[in-house]
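**Student:** Pasting the feature list from Swiss-Prot:
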type     : residues : note
DOMAIN   : 3-91     : domain 'Acylphosphatase-like'
ACT_SITE : R18      : active site
ACT_SITE : N36      : active site
Amino acid sequence: MHCLKAVVKGKVQGVYFRDFTRTQAIRLGLCGYAQNLESGTDVEVIAEGDKDILLEFLKLLRSGPPHAEVQEVEVSWSSTNGNYGDFHIKY
């Protein structure tokens with residue numbers, strides 16, 4: 001199992017980006033979380049699952065929901081032991 005950490009930059013706060021992320025993650029069977037960062041413009045996403053599914057998820061993060069304007073996605077990978085039981089939004 002792999003872990004994807006993505007910091008999504010651009011107009012991604014206040015446009016339902018975290019809700020979109022959660023919906024797509026659940027649809028793909030991924031676990032982890034999405035949270036706004038204190039920068040006021042970035043969202044951090046942690047997702048665990050099979051690498052092929054995580055790559056599909058990453059494509060979705062790069063496009064985002066209709067009102068989002070994703071400018072950049074910083075990505076890092078690691079292995080995981082399944083730290084999360086579901087996918088949720090952190091507040």
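Glycine is treated like the rest: Cβ placed from N, Cα and C.
Since the structure is predicted, the reported quantities are computational estimates derived from the model, not experimental observations.
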**Student:** Count the Cβ atoms, other than its own, that fall within 10 Å of the Cβ of N36 (active site), considering every protein chain shown.
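**Tutor:** Its Cβ shell of radius 10 Å holds 18 other Cβ atoms.
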**Student:** Identify, in sequence order, the residues in the chain of R18 (active site) that are 6 or more apart from it along the sequence and have a CB within less than 8 Å of its CB; answer 'none' if there are none.
**Tutor:** A34, Q35, N36, V43, I89
**Student:** Would you list the DSSP helix, strand and coil counts for the residues of the domain 'Acylphosphatase-like' (3-91)?
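**Tutor:** Its residues fall into 25 helix, 38 strand, 26 coil.
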